[in-house]
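Notes for the one structure printed next.
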Amino acid sequence: METKRIFVTAILLSSIPLVLGHSVQKSEKYPLVVSTWPFLDAVRAAWRAVDGGSSAVEAVVEGCSACEELMCDGTVGPGGSPDENGETTIDAMVMDGSTMEVGAVAAMRYVKDGIRAANLVMRHTKHTMLVGEKASEFAISMGLPGPTNLSSPESVEKWSKWKTNGCLPNFRKNVVPQNGCGPYHPKDFLLTAELEEGTCPGGDMLGSLSSISSHVDVKNHDTISMAVIDQMGKIAVGTSTNGATFKIPGRVGDGPIAGSSAYADTEVGACGATGDGDIMMRFLPCYQVVESMRLGMEPELAAMDAISRIARKYPDFVGAIFAVNKEGVHAGACHGWTFQYSIRTSAMKDVEVFKVFP
């Protein structure tokens, strides 16, 4: 199979006044805030914090928290991306690029403040990640509000329509639903059962086999991934997402995985990612980007290389990366969709948004 070449071109959106640029932009060194997508208010919140003297970690927490409160694109914070049971859960991560400490929560229920919970894991435990209901119990015990129903009227309506549509599309494969929306069983298991009973698989079963397929919608995979360089030149990253819409309960994507959704090293730079986390986490693209920059690769080439590695194995995947080195040079790369990332530096009057084409 011929490998597609990944092209990267960043264009400053015309709604923000500045000269058109390329994929690589040289900014004032410190401070700096960069985020996936045009999450302008989130970047502004992080900028206010870091410009006021807060640390990189504190600013990342403030920025991602603002996105959670705003329920950015319905894919961050509460009230979005219901799973197969109609429940919304939270994945989040924060990483200190100076100490290499990481705090994360995954599949967290009943607590809406994902990034603050992740920060509590980093600050008050020797662990890296807590998951599920136990992550919720920890967060609440440390003072975060909860338990809270994370669903919204919009997410419930979306889930209800999905159920009416036979629970399609979904993320199952090689299975047959016993009754419409499940329970699901491996198709080999059910075929064996039919043979043991002396019967042949019915037409309905064969029809179900052909109609069930996983489906990835780009609108279902928006993660806020943010990097901050503070006034001392220290770097931190953070992420937050409510995951893939109609995911199988218990699924954890790349959001809370250090090296996949984000990675930082104050000696080198940082990276943030968004897209099909189930595929991207198999490649640790942000770890790859930072290590490539450590070896002398410019952010643009590092981002392109990481995306290309994934595309060679999964030519239909959807994803994007931003990269920024410790000097403030930033770039983006994407595959399968048009990507935008937002940035603010001291040389800018407000947040600026750059567009990257596949």
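Heads up, the Cβ atoms here are built off N, Cα and C, so glycines get one too.
Those TrEMBL annotations? Automatic predictions, nothing curated.
As annotated by TrEMBL, active site, nucleophile applies to Thr223. Neighbours of Thr223 (active site, nucleophile), defined as other CB atoms within 10 A of its CB across all chains, total 30.
Marked as substrate binding site by TrEMBL: Arg251, Val252, Gly253, Asp254, Thr274, Gly275, Asp276, Gly277. Cβ neighbour count for Val252 (substrate binding site) (all protein chains, 10 Å cutoff from its Cβ): 21.
The signal peptide annotation in TrEMBL covers 1-21.
Cα-Cα distance from Gly253 (substrate binding site) to Thr223 (active site, nucleophile): 10 Å (rounded to the nearest whole number).
Calculated from their C-alpha atoms, the gap between Thr274 (substrate binding site) and Thr223 (active site, nucleophile) amounts to 5 Å. Gly275 (substrate binding site) sits 7 Å from Thr223 (active site, nucleophile), counting Cα to Cα.
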